[in-house]
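*Asks:* Can you keep this structure in mind? I'll have questions shortly.
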Amino acid sequence: MSLMDGDAFNLKRDYIYIPAVLLVTGTFIVKREWTIYAAVVSIALGAYNLWNFQIKKVLKPDAFQEFELQEKTIISHNVAIYRFKLPSSNSVLGLPIGQHISIGAPLPQPDGTTKEIVRSYTPISGDHQPGYFDLLIKSYPQGNISKHMASLTVGQTIRVRGPKGAFVYTPNMVRHFGMIAGGTGITPMLQIIRAIVRGRAAGDRTEVDLIFANVTPQDILLQEDLDALTKEDAGIRVHYVLDKPPENWTGGVGYVTAEMITNWLPKPADDVKILLCGPPPMVSGLKKATESIGYKKARPVSKLEDQVFAF
């Protein structure tokens, strides 16, 4: 269930249990011989209401669907969080942890034609939050979908399909994740980290060390969320790296190096997995760096079983 247990019980109590009891009891008092019919009616109405309260997954892997922009939260001059409305308060995307969605739009091209452009994004929300989904998107001057998203106003729609991707997180799939993210590459990492923290009560013991690389402190996306998670959970650690650090900066400096990976991430082992997400040149360099210090060579296209997996 994606609704909180208490909320789900209250809904069942108000719309199923109480009406059924009132209908059957009232009929028994007023016209006892109709009680059996009242019971049948109450069961039918209860089943109908119960169906309406079930969580419904809306994503379709082979068909685009339109979702309306409900809210837009500006983070910086080129970054925003976009909240899109799902069909009902009981709807979820149905997106497994670690997978992503495709956004498509017909966009004008320099030659005057229109072309369907499709790009992949990982929501920063999850199926434990019914009724909407959130996307963190950085808009680039030469971007296609990212620039299109920045132009959206509340009430306009985007076209989405999914789920997509070779990675699906399951609790305790490894003992320790080493993660390296650059810029908006933080989104799948945050999705997985949040799932791990939510799963602690059910026995998820996975540890995480994340290296998060950016240019300046102002470029560190969702730092408050990350810092809150590290304070809440001792099994989650974040190591920040900046290309242009301020004075008195105590984190990493420059590009992510093999030495940083050796110092901060788990050593190569069968129960360890390295996850990469960021600009293609960064990911390419990190594949070589991880191989140089003993991790298994990353494939051009990652598979779930790979020790080094690139989103």
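Note: Cβ is positioned from N, Cα and C throughout, glycine not excepted.
TrEMBL labels come from automatic prediction, so no person has curated them.
So TrEMBL says this about it:
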type: TRANSMEM; residues: 34-51; note: transmembrane segment
type: DOMAIN; residues: 62-170; note: domain 'FAD-binding FR-type'
type: BINDING; residues: Arg119, Tyr121, Leu136, Lys138, Ile145, Ser146, Thr187; note: FAD binding site
*Asks:* Among the binding-site residues Ser146, Thr187, which residue has the largest number of other Cβ atoms within 10 Å of its own Cβ?
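*Replies:* Per the Cβ count within 10 Å, the most buried is Thr187.
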*Asks:* Around the FAD site formed by Arg119, Tyr121, Leu136, Lys138, Ile145, Ser146, Thr187, list the extra residues of the same chain whose Cβ is within 8 Å of the site's Cβ centroid.
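*Replies:* Counting only non-site residues, the set is Ile103, Leu135, Ile137, Met149, Thr184.
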*Asks:* Once the chains shown are all counted, how many other Cβ atoms turn up within 10 Å of the Cβ of Ile145 (FAD binding site)?
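*Replies:* For Ile145 (FAD binding site), the count of other Cβ atoms within 10 Å is 21.
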